[in-house]
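> Shown below is the structure under consideration.
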Amino acid sequence: MRLHLAAILILCIEHVTKAVAQGMPISPCPKVFQYRFDGSEWFGLMAVRSPDGHQPLHIRVTLSMRGKPTTYTQNYLGEIELLTRGKFTHNAPVLYKIRFPKHHFPPKLLLMSANNHVICFGSGEHSIFMTQIQLEHIRKLSFIPDKKSSLLLDPEEEEVRKTDDKPPSTPHIQFKKKPFAQAPKEICGRIDRDLDFHLSQRTESLHVAIGEPKSSDGITSPVFVDDDEDDVLEHQFVDESEAEAIESDSADSLPSITRGSWPWLAAIYVNNLTSLDFQCGGSLVSARVVISSAHCFKLFNKRYTSNEVLVFLGRHNLKNWNEEGSLAAPVDGIYIHPDFNSQLSSYDADIAVIILKDEVRFNTFIRPACLWSGSSKTEYIVGERGIVIGWSFDRTNRTRDQKLSSELPGKKSTDASAPKVVKAPIVGNAECFRANAHFRSLSSNRTFCAGIQAEERDTHQSGASIYTGISGAGLFIRRNNRWMLRGTVSAALPAVETPDAESSHKLCCKNQYIIYADVAKFLDWITAFVI
């Protein structure tokens, strides 16, 4: 008897020690997700507002817990249960119960989304062995137009609901595959008319703030622009040759970037178990296809899979996870060009196609760019100025501006969480090789070289190469009032030491060059995924 009591006491002490060591998780978003205890087990309580009453509500929850999954845990990974039944008003929250795996402690919430819109984002566990669980739930809900609370159930409706089958809930539900759809010609490469601009504008109009689009719904259908409407807009801008004559020598002809001005910009994140980290940029070219660089997903012995990658569309400020009209798009597949070899120094065929699980709805902030059309010969674009846009994050997920500011006293950090846009004059290989002989080994007949024409204020304020962290970003050239994707960023010239003895930090030379994968050389391969 005494031995039995001692064994029980040891088990109790062990459980208490584990609880103190691990600690009970705290909800990262207590307004929409809370941990509850019913006396026997822990569960999660989630409140979600349906973003669109005409579509099924698709809930996705990603959980993180310490250790390897046990046999008992593998048999039951948890589930999402719809708590509130009956009809809902559009503004009323829908309540869900998150049942956790049979484990001593509830897992931490890593990500929660509704119809691909991230509504809660947290950090995972920190341990040598980690287990991630993804739960999904899809249900078509009935909505009523009146303002009665959805939590006050109709007794007759409740009786009907009791006879219904259990709501479909499975840890790994299969998405219904939709056919790939090429971007409509009316949309691709065009910007909402309220945000549209040409590469070169009159200097006096550069500092006029561009307002947000006058749309009350961030996920409405796009505004189509007919060919004859371009003539109506043309009088607002001047020809590039005319604009260059009145530009100042400080290269300040680029407008301040606003949200929605580059709606095909994609932010690609990778799941590193404990957090989502920014990895690369990308370019949306259809409702399901994003183009990026191969080295973003395959470098030496590391290869990211589709389950480890999440693509954000419609994003501008990467610190703001709740931007209207943006969405988090799960990835169905990552296809790296078969000729790409991460073990070699050459960046030949450094291109990848990311296929999204679901087609995205185009809106003011999410639109595709056009794939290149016309000749694929590089010599035909030498001398032209393209546009490169992307976020300049390094691999530690700090912006290069912030990193420099922490190292240099008196330097103020600029907001590099927003994308930066720069001009990229396309040059021949000879000029590129003269700038840096190492580019000869990096390039091939399927790459081209372009410079970075930085604005003076960026060069002096940031004092660092803010343009070398934009792997996967696209280089766009305007053709017939449309922006066309011609290249993706592969390799940049390393920063050089400044001759100024007082400044020991590295500066990006004003005439920096970057190697791009020539998208025009891979159109046949890309089109196979788009059609």
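Counting begins at 1 with the first residue displayed.
Cβ coordinates come from backbone N, Cα and C, glycine included.
As listed in Swiss-Prot for this protein:
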DISULFID  Cys280-Cys296  disulfide bond
DISULFID  Cys432-Cys449  disulfide bond
CARBOHYD  Asn272  N-linked glycosylation site
CARBOHYD  Asn397  N-linked glycosylation site
CARBOHYD  Asn445  N-linked glycosylation site
REGION    155-174  region 'Disordered'
SIGNAL    1-19  signal peptide
> Among Cys432, Asn445, Cys449, these being the recorded positions, pick the one whose CA is nearest to that of Cys280 (disulfide bond).
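Its closest listed neighbour, by Cα, is Cys449.
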> Counting every protein chain present, what is the number of Cβ atoms, excluding its own, within 10 Å of the Cβ of Cys432 (disulfide bond)?
24
> Within 10 Å of the Cβ of Cys296 (disulfide bond), how many other Cβ atoms can be counted across all chains shown?
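So the number of other Cβ atoms within 10 Å of Cys296 (disulfide bond) is 24.
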> Under DSSP, is Cys432 (disulfide bond) part of a helix or a strand, or is it coil?
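Cys432 (disulfide bond) sits in a helix per DSSP.
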> Distance between Cys432 (disulfide bond) and Cys296 (disulfide bond) at the Cα atoms, whole Å?
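Cα-Cα, rounded: 23 Å.
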> Specify the nearest of the recorded positions Asn272, Asn445, Cys449 to Cys296 (disulfide bond), where nearness means the distance between Cα atoms.
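Of all the candidates listed, Asn272 is nearest in space.
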> By a simple count of other Cβ atoms within 10 Å, which of Asn272, Asn445, the glycosylation sites in the record, is least packed?
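Comparing Cβ neighbours within 10 Å for the glycosylation sites Asn272, Asn445, Asn445 has the fewest.
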> What same-chain residues, at least 6 away in sequence, bring their CB to under 8 Å of the CB of Cys449 (disulfide bond)?
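Correct list: Ile426, Val427, Gly428, Asn429, Glu431, Cys432, Phe439, Ser443, Tyr513, Ile514, Ile515, Tyr516.
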> Quick one: Cα separation, Asn445 (N-linked glycosylation site) versus Asn272 (N-linked glycosylation site), in Å?
35
> For Cys449 (disulfide bond), name the DSSP secondary structure in the helix/strand/coil scheme.
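It is in a strand.
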> I'd like the number of other C-beta atoms within 10 A of the C-beta of Cys280 (disulfide bond), please.
26
